[in-house]
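Asks: A single structure is presented below for examination.
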Amino acid sequence: MELENIVANTIYIKAKESGCDKDKGRSKKWRKILQFPHINVCLPLAEEIEKTFDYIVEQQPIGRRLFWSFCCTAEPVLKTSVEFLDKVAEFELSIDDQRLPLAQEICNSFLQLASSGPGIIELIGSENRDSVLAALTSQAKQSASGNDVTAKTNDPSTGDNSTGAAAAAASDGGGGGCPSNAPSKELFTACAKSVRSHLSGEPFDRFLDSLFFKRYLQWKWLERQPVTKRTFRMYRVLGKGGFGEVCACQVRSTGKLYACKKLEKKRIKKRGGERLALNEKQILQRANSRF
């Protein structure tokens, strides 16, 4: 039993190492597995799926990537728009210490008349732009005044820096580790909403008539292919629960590692857990998170 565990752990560790390199982790026949069908086979899917900006771009990762590619090959204003949205997403996910320099970078690149891309300020709106610039200016003044107070209270000629320590603690958010001069995560929300509103109109309609949308239909056709035990390589058991166990697995076509939950039907029926298992399945299907 101990030897089997050692072998299983060794194979799993090697799979994790190969997962970092997609060429090593995936099957040699990955091109055949991920082969796209002819576009005529996928065209009927256009009548079945939801063709809205919120569903294709906001909820579908492959749809977002293909729409971004379409915008980058179209006119410069669309390319600048998606670059702005990418920077805003990076800003919203950044930690407090990094938010202020990121906000200044976004303003310098997209909100300044001299350095902004073509047409982006018109899409953002002058009111939203002025609001962001005013908020950042106020934030910079507060940060500068806080630094002046800290420098004065830490003057070595006074021989007492206790007040300076208190001021520094206050500038750090009262000791909570969140600097008071960090901009709000919602600083660019109105600007991003305005840009998305434009992209969801005429540019999205053009995307639906482009080859990028046909490529999206081919990906959706691949997604609808049945998942079988041949889709994965199964590795060691990671944990056990009341109705089954969780194993490590690797997709043959991509080499990506996942956790696979196996449920035993006999155990579920014996304990009356059918409703619980179905609820969990439906929750996982509807979950849409970037993490």
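Each residue, glycine too, has its Cβ placed from N, Cα and C.
TrEMBL feature annotations, pasted as is:
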BINDING   Lys270  ATP binding site
COMPBIAS  144-156  compositional bias 'Polar residues'
COMPBIAS  157-171  compositional bias 'Low complexity'
DOMAIN    59-217  domain 'RGS'
DOMAIN    232-291  domain 'Protein kinase'
REGION    144-177  region 'Disordered'
Asks: Tell me, what is the mean pLDDT of the domain 'RGS' (59-217)?
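Replies: Summarising the domain 'RGS' (59-217) by its mean pLDDT gives 78.
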Asks: Taking the Cβ of the residue listed as 'ATP binding site' as the centre, count every other Cβ atom within 10 Å, in any protein chain shown.
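Replies: Cβ-Cβ neighbours of the residue listed as 'ATP binding site' within 10 Å number 10.
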Asks: Can you count helix, strand and coil residues in the domain 'Protein kinase' (232-291) using DSSP?
Replies: 20 helix, 24 strand, 16 coil
